[in-house]
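Visitor: Under the heading active site, charge relay system, TrEMBL lists Asp176, His220, Ser431. Taken from TrEMBL, the feature domain 'Peptidase S8/S53' applies to 169-465.
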Amino acid sequence: MPQYDRNRNVEDRQGGIQAISRAQFAAIERAAEQEQVRFESEPANGSPTHIWQKDHLLVSGDVVEYGIEGLSRFATEPVRHLDGTEQSNAPGRARLLRINENEGRSAWQVAAYLNSQRGLAGKVAVNNVVHVAHQDGANLCPADEPVPGRPFPETIPYPPPMAGDAGLGVRVEVVDTGLSPGWSANHPWLHVDGRAAEVSGDREDGTYRPDGRIAAHAGHGTFIAGIVRCVAPGATVHVSNTLRWAGAMLESEVARAIIDAADRSPAPHVINLSAGFVPMHDHAEKSAPLALGMLDVMRHLTRRGCRTLLVAAAGNDGKGPDDVWFYPAAFAGEKEFDDVVVAVGALQQDREGRACFSNFGDWVTVYEDGEKLVNAFPEGMFRYQEPLLGKDASVCVYGDPPLYDGCSCVTAPQQGTVVRSRGMAEWSGTSFAAPVVVGRLAERMSHRFADRPRAAMQDLLKDTIEIKDAGDRVRLPIFPRPVGG
């Protein structure tokens, strides 16, 4: 039997992950091409770690309104939204401009140059791609690929469905991939008296691949809606298909979706965003990362009269604050916005530390169950795409040595395995920790804080305790008991 070479196996895995990442970026590109959108990435060739819209810039509203001479050299005309509507003229709102002349530069290089000019510092950024993937990995599902299981009730959701009407009267908007075909079948926690009356949304695009198998990103929005309803069975949940490009969308469009939702009447009490991005910035120049579209969201949520709270996943890079700030969740680390956005990291299954994939740092508000959760998933055949080394190798994608044994990196089936989903799956990621917090919040609101999600969140956070991660002693704020525990 050949001797196990850990270093060689890690190298092989990283090479395989990069290959899958390139393939999934290609899937996003194909979906975006249908709407005449093209991308640039860093690195330009290979597995992308940063993706943004080609030949476009997001420019601070005050620059567009009052004009800056240096900007007109590159870009002048605002473009329309993807649905053909004109951009908002709200004072101060960032505008998306088309680059007329890039002088051989990428959009990021143009933005960096303009930010170095007088009057433009911090005012120009690329239009990032918001996605449900993690930066260094491959799978468009958040941290691992789903593990399809037997149908309900042979497979029980986790967190388990709560009894009663917790969350009654609370409106939750899930900005995600939409609802999968057949989402309401045999999932009683998504029903009210046998009717799917309190759960609604857009139909998910591309649930199935051309070969009929379940796509890598499919079921993400449905799974999240299921978690919210298990924890808060009385909550009203709507799921948009904003992330319709294989689990991705432009920052400008996601920002618009969140702002439009917050402006509805009645507005959602809570918006769940289990997606984000890491802005590229010049580490050598120590420039601040720019996320102008998401900054608009933060400012909109702080305006007078707005009560909506954003709950956002902290991301699945498995990195700390020296390496990664995942937006918009990272705005929770700024005093100006910490009452309008909650950043949620993920705990490992035994709740003794963070999940290996979870980002961490002082900007993360709270950590919640995010490893091996179970909920609704599309029916059909699923083929595993991510290269895995198997249980015997025990190689974690995110740490060497790993934080703990038995993480989801090493317990899933091997690449190429084809399994049948019968409507339920196990899945991991900060994507799924976020809706657990949303459910807890909805429960708290329905009992003590009607129509006051931010006050309810502050009250809920009083229940947290601080533990030291069993793996590396990092301090983590968590709820002392799991849902239903």
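Just so it is clear, glycine is given a Cβ too, placed from its N, Cα and C backbone atoms.
Would you situate these features in the structure and describe their surroundings?
Guide: In the shown protein chains, 30 other C-beta atoms lie within 10 A of the C-beta of Asp176 (active site, charge relay system). According to its DSSP assignment, Asp176 (active site, charge relay system) is coil.
Under DSSP, His220 (active site, charge relay system) is assigned to a helix (H, G or I) in the three-state scheme. Around the Cβ of His220 (active site, charge relay system), 30 further Cβ atoms fall within 10 Å across all displayed protein chains.
A 10 Å cutoff on Cβ-Cβ distances gives Ser431 (active site, charge relay system) a total of 33 other Cβ atoms nearby, all chains included.
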Visitor: Give me the CA-CA distance between His220 (active site, charge relay system) and Ser431 (active site, charge relay system), in Å, as a whole number.
Guide: 9
Visitor: Provide, as an integer number of angstrom, the distance between the C-alpha atoms of Asp176 (active site, charge relay system) and Ser431 (active site, charge relay system).
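Guide: Given the Cα positions, Asp176 (active site, charge relay system) is 10 Å from Ser431 (active site, charge relay system).
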Visitor: Three states by DSSP: which one describes Ser431 (active site, charge relay system)?
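Guide: The three-state answer is helix.
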